[in-house]
Amino acid sequence: MLDAAVQLEHATIPPYLTALYSIKTETNPEASAIIRAVLVEEMLHITLAANVLNALGKHPDFEAQDFVPSYPTYLPDGESEFLVSIDKFSSTTLDTFLQIERPSKRGPQLDSELKGCVKRSNHHVFELKAVKPLKSSTYSFYSIGDFYEAIREGIEYLEDQANRKGETIFIGDPRFQVSNRYYYSGGGEVVEVFDKTTALNALELIIEQGEGHTHQIFNEQGELSHYYRFQQLKLGQYYQTGDSPGHPTGQKFEVDYKNVYPVKCNPKVADFPEDSELKQAALQFNENYQAFLTTINRAFRGGQEDLIGAVCGMFRLKECASQLIRNPLPSNPLMNGGPTFEMRYDSISVKAKSIKTWETA
Amino acid sequence: MNDSISTLQQITLEQAIERSNKSEYHACIVGSGISGAILAKQLTQKGYRVLILEAAPAKDMTYTGFKEYVSNYYRNPSKDNNAPYPENPNAPMPRSTDVSKLTPGVDDTKGYMVQRGPLALDSTYTRVTGGTTMHWEAKILRMLPEDFAIKSTYGVGLDWPISYDDLMPYYRLAEREIGVSANVEEQGFYGIKYEENYVYPMYGLPPSYLDKIVGKGIDGAEFELYGETHTVTVRPFPQGRNGIPNERYDNGSGFKPVGAISSHQVEQGGRCQGNNNCVPICPVQAKYDARKTLLDALRTGLVDFLPQAVASKVVVNRDDHSVKHIEFKHYSSTERSEFTLAKVSADKYILATNAIENARLMLASGLPSSSGLMGKNLMDHTYLLAWGLLPEAAGTMRGTKCTSGVADFRYGRSRAKQAPFGIDIHNDGWGWATGSPFTDIETLVDEQNRFGKELRKSVVDRISNQLLFAYMVEQVADESNRVTVDPEYKDALGNMRPIINYNLSDYSKAGIAYSRETSKVFFQRLGAEDFSSYSPLDYGYFNYQGENYYFRGGNHFSGTHVMGTSADNSVVDEHQRSWDHPNLYLVGSGSMPSIGTSNTTLTLAALCFKTSEYILDEISKQSVKIVSNSDFRLAKEAGHE
């Protein structure tokens with residue numbers, strides 16, 4: 001399930017990244033800062049989930065065939081579900097972001113058979129493993145928060161069982177733990193995971209920063225949860241300490257949805273004409289993104305010093321994405337290109353290269 | 001804590017005056033640059049209440065205010081040190097773009113600093129919240145032990161009243177405050193020493209590819225100088241920017257890097273990304289600036305911060321010459337010159353406005369000091385630039401401005417005869433010397449008629465091979481280099497502007513000439529084509545022994561209220577306390593009797609830590625009055641966050 005957590009956290013990155021890069025330079029500083037802040041924390045969540053996974057002796061697989069979902073993709077929101085797209089920054093996109101980060105609201109009558117889950121008729125639409133409990137063909141998690149609750153309970157249960165036999169489930173190589181030597185940001189620190197306590201701490205941080213399950217605007221560290229960060233954009237005003245949900249009293253600002261490049265929603269390489277510069281750029285972006293995921297994969301499998309080099313990869317991605325986002329489609333000059341995040345899994349060379357380095361690491 | 005706007009307790013003029021009248025302030029600090037911020041942090045964390053008078057508006061403490069600076073920089077066609085910071089006639093600042101060739105005997109009044117010559121000095125500082133650390137490069141070197149005693153050792157300049165050993169524990173505090181990235185094993189040379197098992201807060205930043213290429217070419221080069229052999233090694237510089245925290249720091253407790261101000265909204269300022277425009281502004285705030293320290297002080301709740309308050313006069317009591325109050329002009333808008341004249345008093349007064357402004361304010365107040373040295377002994381590092389084109393692409397423009405250099409001409413016997421120097425390898429190409437890359441594009445378009453893809457390729461080809469050595473040459477104290485004031489020259493608020501007399505001695509020129517010779521050897525060893533040329537039309541031009549040179553200022557103003565052993569030979573004592581005015585402290589690089597070949601910020605920050613310790617001791621001896629109230633508990637809690 002934790003590998004699914006890594007996949008789930010990553011699934012938010014293409015939409016957030018595209019929205020961020022679609023904002024014209026030097027406009028909407030508040031929106032840029034807030035989307036960027038959430039993105040950085042999603043990367044922290046990936047790191048935390050990977051650390052827990054590594055502590056259990058497993059490794060995340062950023063190169064798995066289905067790791068990057070095909071957009072639009074479904075995410076659960078209580079009884080219903082909603083679509084997440086790769087799209088420009090807009091009022092609609094913002095609503096989706098708010099839905100992604102919505103605090104979990106437990107339904108009164110959750111099916112007792114599978115905790116935190118509801119039976120859905122359209123269970124099959126969910127592409128992300130995280131949404132579906134193992135081996136279930138009809139049940140999906142009620143919310144992302146419920147999914148993490150399930151992981152937490154699973155770890156506690158399994159570790160208690162193991163402890164009774166004088167064993168532990170935390171058998172991973174501690175050298176695989178990504179530390180703040182290679183990852184740190186303005187808010188939230190990497191938790192290195194060695195045992196039950198540290199594992200639960202790591203998961204707690206993900207839940208708290210993301211969905212904010214306590215329904216508090218600020219957590220104990222004085223950080224805003226993602227939902228309320230985004231809500232500030234909706235309301236055009238910053239929260240400050242002491243505010244109640246929905247009623248920020250901080251500095252006011254205006255969000256300017258016009259100063260955004262008109263990125264095509266959920267673009268695909270096939271949308272760009274053969275031999276067009278956009279197509280070249282889209283292929284280039286995807287190739288770079290895949291190479292980037294390969295680097296990250298290596299980093300979380302014992303080669304964490306590669307995270308330093310991955311920074312250059314991120315600048316390269318930004319450059320590629322900007323070329324797509326700032327240029328019009330030849331077929332429709334009122335609409336611009338965008339990164340498609342379509343990965344190719346027929347390329348054996350990429351896979352082989354990564355495995356080789358992993359073995360030597 | 002929810003940072004930024006809410007913790008910045010800007011008070012009104014009326015509130016400040018009321019609290020001043022009730023004798024609530026233990027200290028009044030003028031200026032919120034690194035010196036003022038350190039003093040404010042140290043005093044408030046012990047429970048004392050301070051008032052900070054800041055000449056500039058304070059919106060830069062918010063994220064949007066900061067972003068405006070970054071936008072200004074992107075938009076401004078000139079990329080000089082002060083390009084991001086708006087013009088403010090009420091608290092003007094010098095800009096290098098104001099400097100031009102002087103006519104002998106004629107004052108140049110174009111810029112804020114009146115240039116009286118004979119040489120024009122293009123050094124600058126920044127009058128905004130956070131001070132000049134907003135635009136500093138953040139290369140952060142300790143001085144060599146021998147730099148503290150150049151008069152007694154080499155017979156030049158002035159000695160310090162204290163030694164390297166005296167300052168060593170404070171260097172450590174300053175390196176913690178700034179969050180320095182460096183490796184001890186690469187920095188302990190020519191007498192620089194550290195406490196046992198000391199490690200810097202963060203690991204050293206990696207050298208650039210260019211550094212490695214230059215190192216390969218010039219490492220091991222030997223120079224005979226006054227009977228000593230100087231062997232060249234390219235070494236990394238300590239940096240005041242976030243790198244990888246060292247887990248061994250503080251006996252294994254590690255170090256937590258400080259990110260951007262108001263980080264709860266932006267999550268920025270973690271690791272340095274190598275955006276190459278550290279000067280004039282780090283777009284992601286990975287570079288230290290004094291607002292980070294200031295914010296720690298503000299969090300105690302004991303700082304009253306009054307922006308748009310320009311100190312205009314230090315008023316002293318007749319009997320004991322102690323400071324009675326500070327007069328200041330409070331303006332409501334940078335657009336208008338109307339102001340309210342007000343005064344505040346406190347137990348201690350700390351002038352932390354920088355070497356030029358401290359002396360300017362004292363002289364404008366009619367307080368030249370009993371030694372007569374106020375404003376004299378103005379020093380700065382003198383830069384000689386040498387630039388060439390490498391035979392291979394060297395990745396120029398990658399990394400921060402400058403990651404490595406040469407320290408092997410900073411020491412030794414030659415200091416009796418010629419100025420020593422450090423050498424910077426610049427990662428930003430010829431920018432400083434020629435205005436590259438903008439001038440490169442002009443040349444390629446206008447003279448070579450390039451356009452489109454070919455132009456793009458030519459720009460890359462041309463810039464990737466650029467190499468610039470910046471030689472930072474020591475200048476020693478000389479009373480004829482000085483700051484003065486004259487009622488004839490005033491700013492919009494009617495405050496007297498600084499007048500600069502500046503010249504280079506033969507000692508300086510000999511060092512510059514020798515540094516140029518080493519550049520020729522380096523270029524030769526690297527197979528680089530030497531493009532350096534020094535036009536007689538340049539404002540920094542001078543001729544020495546038949547050769548042409550020009551120099552650039554280093555923005556390291558110092559020496560204007562020099563420290564010493566008595567009221568006869570100095571303005572302040574080793575605690576930066578005025579000899580003449582017992583409750584007045586003049587802090588910052590103005591107190592430094594020599595500057596060696598180190599950028600001045602680390603040493604002045606260390607001095608401020610030393611001074612804060614002394615002031616805390618003084619206050620605790622005098623007053624127990626407010627220390628026991630609830631404010632103190634608050635501050636203590638804040639200190640334990």
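Even glycines carry a Cβ here, placed using N, Cα and C.
TrEMBL does not curate its annotations; it predicts them automatically.
As written in TrEMBL, here are the features:
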type	residues	note
DOMAIN	B:273-382	domain 'Glucose-methanol-choline oxidoreductase N-terminal'
DOMAIN	B:479-607	domain 'Glucose-methanol-choline oxidoreductase C-terminal'
REGION	B:77-100	region 'Disordered'
Beyond the flanks of the region 'Disordered' (B:77-100) by 6 or more, those residues with Cβ under 8 Å of it = 55-57, 69-70, 108, 110-113, 115, 120-128, 134-135, 277, 279-281, 308, 310, 329, 331, 334, 337, 339, 431, 491-493, 497, 539, 553, 555
DSSP puts the residues of the domain 'Glucose-methanol-choline oxidoreductase C-terminal' (B:479-607) at 31 helix, 29 strand, 69 coil
Counting each residue once, how many in the domain 'Glucose-methanol-choline oxidoreductase N-terminal' (B:273-382) are helix, strand and coil under DSSP?
-> 19 helix, 35 strand, 56 coil
Determine how many residues of the region 'Disordered' (B:77-100) DSSP places in helix, in strand and in coil.
-> 3 helix, 0 strand, 21 coil
Restricting attention to the domain 'Glucose-methanol-choline oxidoreductase C-terminal' (B:479-607), give the mean pLDDT.
-> 98
